[in-house]
Structures are given as structure tokens and as C-alpha cells.
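Participant: Questions regarding the structure given below will be posed in turn.
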Amino acid sequence: MSRPLPYHIHFFSGLLTCWILCTSSAHKCTVRHEVADCSHLKLTQIPDDLPTNITVLNLTHNQLRRLPPANFTRYSQLTTLDGGFNSISKLEPELCQSLPWLEILNLQHNEISQLSDKTFIFCMNLTELHLMSNSIQKIKNDPFKNLKNLIKLDLSHNGLSSTKLGTQLQLENLQELLLSNNKISSLTPGEFDFLGNSSLKRLELSSNQIKEFSPGCFHTLGELSGLSLNNAKLSPSLTEKLCLELSNTSIENLSLSSNQLDTISHTTFDGLKQTNLTTLDLSRNSLRVMGNDSFAWLPHLEYLSLEYNNIEHLSSRSFYGLSNLRRLDLRRSFTRQSISLTSLPKIDDFSFQWLKCLEYLNMDDNNFPGIKRNTFTGLVRLKFLSLSNSFSSLRTLTNETFLSLAGCPLLLLDLTKNKISKIQSGAFSWLGHLEVLDLGLNEIGQELTGQEWRGLDNIVEIYLSYNKYLELTTNSFTSVPSLQRLMLRRVALKNVDCSPSPFRPLPNLVILDLSNNNIANINDELLKGLEKLEILDLQHNNLARLWKHANPGGPVQFLKGLFHLHILNLGSNGFDEIPVEAFKDLRELKSIDLGMNNLNILPQSVFDNQVSLKSLSLQKNLITSVQKTVFGPAFRNLSYLDMRFNPFDCTCESIAWFVNWINITHTNISELSNHYLCNTPPQYHGYPVMLFDVSPCKDSAPFELLFMININILLIFIFIVLLIHFEGWRISFYWNVSVHRVLGFKEIDRAEQFEYAAYIIHAYKDRDWVWKHSSPMEDEDHTLRFCLEERDFEAGVLELEAIVNSIRRSRKIIFVVTQNLLKDPLCKRFKVHHAVQQAIEQNLDSIILIFLEEIPDYKLNHALCLRRGMFKSHCILNWPVQKERVNAFHHKLKVALGSRNSAH
């Protein structure tokens, strides 16, 4: 019999298993869509547990020293292998034999120093080979000769001193060769002979200290269209020599950024006259002097970059010959500082006259003294002009400032950061095609009369944000009815509440920004007529008073009529109230920002019409309760919610529904775990809202329906009781009338002949009442006849005998019960006694009691030996106090008179 293992052995075996699992999980690759990512896992060998059908394997940022071919045999479908940022020092030829479909091989940032003829012998399908940032100092023989399909070869950041990568023709499909950041110092004839049959398009030689371009060094590269020699310390003379060597080539793009080209002249680019150069980058060269006709040899040039230079003077012939130029970048090209205007960089009149095809001109961040009458003359196709932070003394825009742009189809004009303080009437009258005007970040301080925009017939956007102050008038924008976007952020806006509204002439307005203006007074017609408005920014103002119910005249409904509004920003306005109809017309609203206000309790139906709401921001308010009746409609289709930093009251009544909604919603809730904290009650202070336990709240949930049912039943019962109490007689009356009109009053009785319908027993003092109410009934119904002592007793007959005879000849006996009856000796001793005795002897239910007063049962029994329980309910009648019930009483009496006498 085997003995069980000791407990501590089980314990340590469990720890070992856990350590193995944790170790393996720490080195777990991510596989998705046939792509395996094994990067940053500190791997020292190739994983052997990946799916065999992967096509991409990422092994970057590990500790691999080799790529053993045997380890890749199971991954024969690989097309991309990335082994960058490892410590691989050697490539084995069999690697590509194990990966016959490999197309991209990336081995950047490794320790490879040598490449043999056999290294890539089996890599015939390779299209990209990345070997940058290794230790390759020299290419011996022909390691790339079998790479017939290679398109891109990257050998940058190595120690190569020559561009010669082979001894025989090869790489016939190569299009990109990257050799930047090496130690190449000269380009001599024959170095590119190995590419004699190639289709090389781009050659990257940047950051090489090249000092010589030997004659014919590029002639082998017949299809070369792009050459980069950035940061190569090329001098003007060496640049001129380079251009001569590029003569009669297919060069189209030439990048010479960050060199030592401080001067260019008529001869600098002379060698390029036999080319079709379209792009030239001369940025960051500390260029000071641009001689006349410097670009005369470049008639095909379309893009010229001169940014980040220090040009001193632009003459009328500086751009001569650039008849096809479409884009000119002069950003930070004229940056010389001087306290004297005469020493500032100069732009002569007609300097741009040769640029007939120019469409884009960027002159940002320069130091021009101003704009002359003919500065931009000749730019007949200019569409985009950027002059941000370009002038040192452009304080006022006059009607002559842009005279030189008259007639050009300018669409965008950027004048930001120029310290402009005033816009005169008609300043833009020459720019009839302008669509976007940016005047932000200046020092404009004036009243807008509307004449400033005269002539802007096609304007779409005016940006005036971040200026000194702007005072509006009714006519401020009457000249620009086509305006769609108006930005007036942080301009100390004045007179916003003028009437009619300054924005009323803008029926096409789509975006309006009035934020950061400390606006406190606006009227309900401010946005009237802006039916196309989609975005409204009013944050960082002081509009709290407008929505208070205590506001004189009530809350100001300034959002009414904005039927197509999509985005509304009302943050930081101090709101502590929201009118119930504030958002009534905003049915297409998609985003509301009410953050950083003082909101606590919101009206229940405030969001009922926001059926399209996708984003709701209520952060940093005083909201304690999030209930379904308020937020349910708003949360229905929500994609983003921000209610951070609110003092939530973590009770069932306040947030139970909210917590349940959080647990089931797919809405993006910003920083839910950290900034949605309970404030009250004290035991939950600082506790995350999402962790609030709602299970105690659910205990009452099953009884909610029962509670509602009980409430409804109780209300119905109370209603019925009140109805019966106040109108029961009427209901009974109409019911009895309906029934007896169909069935009649008299029930079937045994065949007996009675002379009277009823004999009425009453006290002598009640005779007037009896006569008053019995006679009308007899007149109304001739078949009905009562026996009345004063009228129907036979003359000469003893009273007692007459009473007995009358009772015998009457079908019913009516007692008119009053206090008088209880005290009447004759009634008590004879009439009542005899009537009851006859009814008992004949086994009849023939007695009807009519109570004219409220007589307790015990008094009735004491005086007449009668109780109400001795008679049928329909034979006990009470005389009504209300006159309108008399008819109902008469009807009940007729029913009682017509009822059957038999007791069985």
C-alpha cells in the first residue's frame, strides 16, 4: 500500500508549477490575424510554440544573438521577419532557405559587421532589406547579387566609406538606396556601375561629409529622380559642381537642406538646366544672398523651400525663371533683427512678379517692415497666403495694404500674430474671392461697423479670437451674409445684447465661438435666425443670471430656434439652474458641455428632446444624484460621459440606477475608477461610485410593482367610496328607474284585492308632511292611493275600528317615524301594535319605515318594539335633506310599495 506524499511536497510542487506558468506567460507572444508580436520579451531564442501559418513575426527589442535556420522551419509561410534591436552578429545563408517566401527582412540596430557572397544566396524573393545601424564598414565582392527582386536597400548609419556595393551588375529592380550617416567622402566614377541595369529612383546620401563629385559619378544612374544630400556640409562651389554632375539626368527632387549654402548666384544651378527638376529644398542653409536670376535655369520647378534661412534682400529678379512654381515656402527666411527699419530684410516691389503659377506662399515668422503697394503684384493664381508673425510694424490695415493682391483668386489669408491694432474701412475690398480670413492673436481694439469686411463677397470664415477688444453693432456683419464660421473667443466682446442682434445678418452661420468673453447680458434674440448653426461655444462667460427663475422677466431662452445645433459648450458659466425648456428646440444636439458650473438639481424633463445626444460633460458641478427620470433620456444613445469631480450621494435613492447603468453600458466614461467618488454619507466618503453595493437597493425592487398596485387600488377604492357617499343615491336612482321601467314596480303576489296601496301611520303633528308629500304622488300615478285618516275614514265609525279596517284594506303599511311618533300614545299603544300583529299573523312583509329624522335603533325598539333588522332593506327609507334627492326617494318608495308581501 503506497503512502501519501507529505503536505510540503505538494506545496512546493504547486509553487514550481505556478512559477513555470508565470514565466511562460511573461514570455507570451501576441498572435492576431497571422501576425505574431514577440517584441520586448527579453527572448534569447526563437519561440517554438507559435502557429505555423503566421506570415509576420516581430522579434524586435529582445536579446537574440542568432537567427538559427532550424528554428524557422515550422514558420515557412513568413513573408516579413523583423529582428531589429537585438545583438545579432551574423546571418546564416540557410535562413532564407527555411523561409522561401520571405519578402521583408529587417535587421536594424544589430551587430552585423560582414556580409559574404552566400549570406543572401537563397533570398531571391526579398523586396526590402533593412540593415541600418549595424557595424558594416565595407562590402566585399557581391553579397546582394541574388536579390533580383529587391526594391529597397537600407544601409544607413553604418561605417561605409564607399557607395560601391558590388563588382558586377545586380539589383536590377532596386528603386531606393539609403546610405545616409556613413563615412562616404567622395563620389567617383564607377562606384555605381553595379547598378547599371537597375531602375534606382531615390538615392539617400545625407549626413555624409562628401567633398568631391567626380565627373560622371551619376551617369550610371539613368533613372535617378530623387537625391538627398542634407547635412552634407556642401559649400556653394561644391553645390555648383554637384549640379553639373546631375546635368542630363532624370533628377526631379533634390534636397540640399542643412548645408553651408550661404550664397546662391546665377551659376549655382546652371548644371540643372538640362533636367526636369520639380522640387528643390534649400532650407536651413543660413542663406543670406540670393543673386539675381539664381533660379533662371529651373523653369520646371514646382516646389521651392527656403525656410529657416537668413535672406537679407529679395529683388525683383530673385525668382526670375520660376514660371511653373506652385508652392513657395519662405517661413523664417528673413529673420535678421534690427532696431532700424532700414536694416530690416527687404522685399522689393514686383519681387514675385515671375511666379505666375504660384498657388501657395508661406511667409510666416519673418521680420518684414510692412507691405508695399506692389509687394505681391504678379501673383495671379495665388490661393493661399500665410503671413503669420511676419511684420514688425504692420499696425493698421488700410484699403491699400492688399492692393497688390487685387485680381488674384486668394482663398486663404493668415495675418495672425502681427500686432495689428486697427482695421480700416475697405481693408479687404480687393479680396473678393477670399474664403478664410485669420486675424487672431493680434491687438485689434475697435468698434466693428461692418465696413471693415466690405468686398468679402465669398467669405466663409473670419477668425478674430484673442484680440484686445471688439465692440459689436447691429451692422457689424451686414457685409458678409455668406459667413459660415465666426470666431470671437477672448476678445472682451462688448454690446452683445444690442437689438437687433449683430448676428442676425448671418443666416448661413454654422459655427459661432463667443467663449472667454465674460459676457453677462444677452437677450433672447441674440441667436435668432441662425437656423443653420451647428456649433456654439459660450464657455467661460458669466451667464448664470440669465437662467435663474428669479431673473426679472424669467429665464432668458437664448437657445430657442437652433433646430440644427449639434455641439453646445456652456462650461464655466456659473450656472446653478437650468430652465426645463432650455434645450427644447435642440433635437439634433449631439454634444453638450455643462462642465465646471454649480449645477445640483436638474429638471426632470430637461433632456427629454435630446434623442441624438452622443456626448455629455457635467464634470466639476455639485451633482449629488443621478436618477433615471432626469438622465435616462440623455443616456439612451450616449457614447461619451464625463461627470468627474461631483459630490455624489451614495444612497439607493440617489445613485442606484446610475451604478446599474454604469455596469451594463458601453459608453466611454472618463476616469471612472479614480474621479467618480462618493461624498456622502460619511461611511462612503471617498469610495468609488462604481463599487457602491446596490444589492440592498434591489430588495425593495420586487415590491415596487406591488406598491404601485396597492396605491392604485387604494385610490380607486377611495374614489368609489367618495362617489357612493356623494353620488350613490343618484346612481341608485338611475339604476332603479332603468330596471323598473323594464320590469315594472309590482312583484308577482297572491291574488288579493286591496283598496289602498298603503295605510300611513303617523303622529298627529306630522299630518302636514304626510299630506304634502302623498298627494303629489297620487296625482302623478292614478293607480297609487294612500289611506289617510283625515280623508278616508268612514264617518260615524269608531276610530279604532276604522284603523283596523283601513289596515286590512291596505296592501302596505307605512310608518312615518319621527320623535313625534315615538311619543304619540295612540300610535304607540294601538296603531303600531295592531299593524305589526297583523303582519306577523299573516306572515307578510308589508311594513315600510320612513324616517324623517335620525332615530337610533335602541329608541325605536324602546318606544315601538321595532328594530331595523326586522325589515328588508328596500323597505327602510330615509327622507333626504337635499331637495335634488326627493325624486330618488319617491322612486324608492314606489319600489317598496310594489314589492311582494310574502315573507317567503
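In case you wondered, yes, glycine gets a Cβ from its N, Cα and C as well.
Pulled these features from Swiss-Prot for this protein:
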REPEAT    53-74  repeat 'LRR 1'
REPEAT    77-98  repeat 'LRR 2'
REPEAT    101-122  repeat 'LRR 3'
REPEAT    223-245  repeat 'LRR 8'
REPEAT    300-321  repeat 'LRR 11'
REPEAT    324-345  repeat 'LRR 12'
REPEAT    381-401  repeat 'LRR 14'
REPEAT    409-430  repeat 'LRR 15'
REPEAT    466-487  repeat 'LRR 17'
REPEAT    508-529  repeat 'LRR 18'
REPEAT    564-585  repeat 'LRR 20'
REPEAT    588-609  repeat 'LRR 21'
DOMAIN    646-699  domain 'LRRCT'
DOMAIN    754-897  domain 'TIR'
MOD_RES   Tyr759  phosphotyrosine
MOD_RES   Tyr858  phosphotyrosine
Participant: Of all the modified residues here, Tyr759, Tyr858, which one's CB has the most other CB atoms within 10 A?
Facilitator: Tyr759
Participant: Where else in the chain does the repeat 'LRR 1' (53-74) make close Cβ contacts, counting only residues six or more beyond its ends and a cut-off under 8 Å?
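Facilitator: Distal contacts: 31, 34-46, 80-92, 94-95, 97-99, 106.
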Participant: Please report the distance from the Cα of Tyr858 (phosphotyrosine) to the Cα of Tyr759 (phosphotyrosine), rounded to the nearest angstrom.
Facilitator: 25
Participant: May I ask for the residues of the chain that lie six or more residues beyond the repeat 'LRR 15' (409-430) and have a Cβ under 8 Å from a Cβ within it?
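Facilitator: Contacts with the repeat 'LRR 15' (409-430): 364, 381-391, 394-399, 401-403, 436-446, 449, 451-456, 463, 468.
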Participant: Same-chain Cβ contacts of the repeat 'LRR 8' (223-245) under 8 Å, 6 or more residues past its ends?
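Facilitator: Distant Cβ neighbours of the repeat 'LRR 8' (223-245) are 180, 187, 198-211, 213-217, 251-265, 267-272, 281.
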Participant: Taking helix as H, G and I and strand as E and B in DSSP, count the residues of the domain 'LRRCT' (646-699) in helix, strand and coil.
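Facilitator: Each residue of the domain 'LRRCT' (646-699) counted once, the result is 27 helix, 9 strand, 18 coil.
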Participant: Which sequence positions outside the repeat 'LRR 17' (466-487), separated from its termini by at least 6 residues, show Cβ-Cβ distances below 8 Å to it?
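Facilitator: Same-chain contacts beyond the ends: 421, 439-451, 453-460, 493-496, 498-513.
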